[in-house]
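Annotated in TrEMBL:
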DOMAIN    33-111  domain 'RRM'
REGION    122-238  region 'Disordered'
COMPBIAS  143-180  compositional bias 'Basic and acidic residues'
COMPBIAS  189-215  compositional bias 'Basic residues'
COMPBIAS  225-238  compositional bias 'Basic residues'
């Protein structure tokens with residue numbers, strides 16, 4: 001409940017202060033269209049989850065985590081929307097909602113399929129995407145793809161693997177999210193410096209190119225003038 005209250009408090013504060021979309025806390029997750037859904041009844045099926053969450057956008061992927069032996073739902077899932085902006089609506093409107101007496105936990109996340117582990121998720125491309133079962137290319141709104149940060153991998157593992165009944169889980173997840181935010185800020189600063197460095201080099205190279213072109217042009221003009229003078233001297237010779 002702590003994370004739900006924290007999100008609701010953030011949204012309320014942003015609404016009161018008139019915070020823009022670009023400055024919202026949601027903006028930290030513009031590069032991912034995935035959400036974490038937890039706390040729902042164990043009887044809910046994939047179809048039930050899609051029915052609930054499709055009211056805020058078109059889902060393209062769903063992984064309802066189940067026990068390998070019994071096949072019983074573990075009460076949490078990962079869902080991806082076609083449009084990243086749908087995640088904001090789902091987090092704001094469904095986080096804290098009650099379904100069959102249980103409170104939903106909905107939050108942004110960066111999800112990565114594990115290598116070497118059997119994929120149990122549903123690619124919904126055949127139903128909601130391009131019709132051939134292949135997930136469509138990510139939209140521009142999802143941002144450029146990049147490798148997950150160490151902090152992001154740790155957060156994903158914590159959400160996925162930590163005992164749902166542990167009362168300290170909410171605190172641990174919130175703490176890890178703060179680490180992720182700091183890591184993202186450092187990454188953005190590094191990218192900004194690299195872009196600035198590349199821009200400086202392009203400007204320098206462009207200046208050198210213009211200088212060479214100007215020099216070459218001057219040389220050609222000199223050559224034409226010398227050739228013209230030589231031609232005039234020849235025409236005066238008896």
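Think of each number as a place in line: the chain as shown, counted from 1.
Placement of Cβ uses the backbone N, Cα and C atoms for every residue, glycine included.
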Within the predicted model, mean pLDDT of the domain 'RRM' (33-111): 91
What counts of helix, strand and coil residues does DSSP assign across the domain 'RRM' (33-111)? 21 helix, 31 strand, 27 coil
Checked against DSSP, the composition of the compositional bias 'Basic and acidic residues' (143-180) is 24 helix, 0 strand, 14 coil
